[in-house]
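Input: a single structure, listed below in C-alpha cells.
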C-alpha cells in the first residue's frame, strides 16, 4: 500500500527542524561574513578570496567525503559537522568582538567551515532515504528545500544584517548557537530500518568503483551530464548579477536585495509545491519541464525588460530550479543503493560544482568582452539546448521511475 499521503515520521521532522535551524545560521553568515571581511580589508582580491574559500572544499573534498558518508554513521557525521561549526563560529565571534582577527585567519577558518558544510550537506541527502519511505521522498525533499530557502535566503539575511548592526560578533555567536541546537536535535533521531537496495550493488567500497558505476548507469550518467551543462549555463550570470542590477536596471542596494528576495520566494514556493507537481505530472516530466522555465527566464532577464518583468523572471527561475532539484534528488535517492549513496552522489555533485565555478568565471569574461546582458542570453541558450538534446534519453530512461 502506498505511504505517499501518510504523515512523515517524527524522525524526519527532527531532521527538518535541524536543517531549518542550520540554514538560518547559513543565511546569517551569508550577509555577515562579507561585512566582516570588508571591515578587515578593502582589497578586492582578498574580499573575493573569502568567497572562494567556502567554495573550494566542494571541488577538493566532495569525492572523498562520499566515501566517508558510506562508511560512518550518517547521523553522527552531521552532528560532528555541526559541532565543529559551533567551535569555528565561536572563534570568529570572539575574535570579531576583540578585534584580533586578520583577513588571512578568516580565510583559513572559512576553508574549514566550507569543509564542514560539504560533509553535512553530502550526508543530509544520503540520510533522508533512511527516515522516510520511497514514495514519500519527493514530499520530504520539497519541504527540506522550502525550509532551507526560507531560513537561509530570506529570514537569515534579515537577521544577519540586523545582528551585525548591533555588534560585529553577534551574528557569528548566533550562528554558533544555531548549529548547537541543530546538533542536539539530530542526536534525538532514531533511524528506521534502511530501505532495500533497488539497483545492482557496486563491486566494492572504493571511490573508483562508485565513479565507474555512475558512468555505466545510462540514466544517471545522462542526468549527471545534463546537470553539469545546466549548472554551467545557470551560473554564467550569477557572478555579475549585482552589477547588472545596478548598471542595467538602475537598482540601489535595497532594490537588489528585494530582487534576490523575490527569487528566493519563488524557490521557496517551488519547494512547497514541488511534491504536488511531481505527483501531478510525474517524476520524468518534473525533471525536464523546469529547464524550459528557467531557460526562458534567463533569456528574459538578458533582454533587460522593466524591473517588474525581471523580478517575475527571477521568481519563475527560482521556482523552476527548486522543482528540478526536488525531482532530480528524488530520482537519485530512489536509484542509488543506500549504502553507496555517498560516493555516487558525491561524484554526481562534483561535476556540478566544477561547472558552477567555471560558469561564474566564464560569465565575468563574457560580460567584460561583450556586455552585461550576454551571460544571461548565453546561459539561457545553453539551458534550453540541454533540454532539447537530453529530453528524449532522460524521458525514456525515467519512463518507469514513478513505479520504483
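For all residues, glycine too, the Cβ spot is worked out from N, Cα and C.
Sequence annotations record features per position, and here TrEMBL assigns domain 'Major facilitator superfamily (MFS) profile' to 217-404.
Per TrEMBL, the feature transmembrane segment maps to 20-40 (among others).
Residues or ranges marked as transmembrane segment by TrEMBL: 46-69 (among others).
Look at TrEMBL and you will find 76-97 (among others) tagged as transmembrane segment.
Counting same-chain residues at least six beyond the ends of the transmembrane segment (103-120), those with a Cβ under 8 angstroms from any Cβ of the stretch are 22, 26, 33, 36-37, 40-41, 46, 49-50, 53-58, 61-62, 65, 68, 77-78, 80-82, 84-85, 88-89, 91-92, 95. Among the features that TrEMBL reports, transmembrane segment is placed at 103-120 (among others).
Annotated transmembrane segment per TrEMBL: 141-164 (among others), in sequence order.
Per TrEMBL, transmembrane segment is recorded for 170-189 (among others).
Annotation comment: TrEMBL describes 219-241 (among others) as transmembrane segment.
Only residues 6 or more beyond the boundaries of the transmembrane segment (253-274), in the same chain, are considered here, and those with a CB under 8 A from a CB of the stretch are 138, 141-150, 153-154, 157, 242, 245-246, 286, 307, 310-311, 314-323, 326-327. What TrEMBL lists as transmembrane segment is 253-274 (among others).
Marked as transmembrane segment by TrEMBL: 281-301 (among others).
Counting residues 6+ beyond its ends, the transmembrane segment (307-327) has Cβ neighbours under 8 Å at 138, 141-142, 145-146, 149, 234, 249-251, 255, 258-259, 262-271, 273-275, 277-278, 283, 286-287, 290-291, 293-294, 296-298, 300-301 in the same chain. Feature annotation from TrEMBL assigns transmembrane segment to 307-327 (among others).
Here TrEMBL flags 348-370 (among others) as transmembrane segment. Listed as Cβ neighbours of the transmembrane segment (348-370) (distance under 8 Å, sequence separation of 6 or more from its ends, same chain) are residues 55, 58-59, 62-63, 122, 214, 220, 223-225, 227-229, 231-240, 243, 332, 378-379.
Among the features that TrEMBL reports, transmembrane segment is placed at 376-395 (among others).
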Against which stretches of its own chain does the transmembrane segment (170-189) lie, if we need a Cβ under 8 Å and a gap of at least six residues from its ends?
-> 11, 14-15, 17-19, 21-22, 24-25, 28-29, 31-32, 36, 75, 78-79, 82-83, 85-87, 89-90, 92-93, 96, 131, 159-160, 163-164
Under a criterion of three or more Cβ pairs within a distance under 8 Å and sequence separation of at least 6, are the transmembrane segment (376-395) and the transmembrane segment (76-97) in contact?
-> no
